[in-house]
Amino acid sequence: MICYNQQSSEPPTTKTCSEGQCYKKTWSDHRGTIIERGCACPNVKPGVKISCCSSDK
């Protein structure tokens, strides 16, 4: 499966993942809204929104 692999303001790239899921995490701090994308569907801390999917990108 192909997932986006991205940290906040960096341009999105793609990565082939064996986990079978992709995630997108968003949260806010003193820098503003932070977005992180990657493979799998990790557990997150309270206050962090996460969306997981099982289709490419």
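Cβ atoms here come from the backbone N, Cα and C positions, even for glycine.
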Tell me, from Cys3, Cys52, which cysteine Swiss-Prot puts in a disulphide with Cys22.
Cys3
Using the record from Swiss-Prot, pick out the residue from Cys17, Cys53 that is joined to Cys39 by a disulfide.
Cys17
Show me the subset of Cys3, Cys41, Cys52 whose Cα is within 10 Å of Cys17 (disulfide bond); these are the disulfide-bonded residues I mean.
Cys3
I'd like to know which of the disulfide-bonded residues Cys17, Cys22, Cys39, Cys41, Cys52 has the most other Cβ atoms within 10 Å of its Cβ.
Cys22
Please report the Cα separation of Cys39 (disulfide bond) and Cys3 (disulfide bond) in Å, rounded to an integer.
6
Enter the number of other CB atoms within 10 angstroms of the CB of Cys3 (disulfide bond).
25
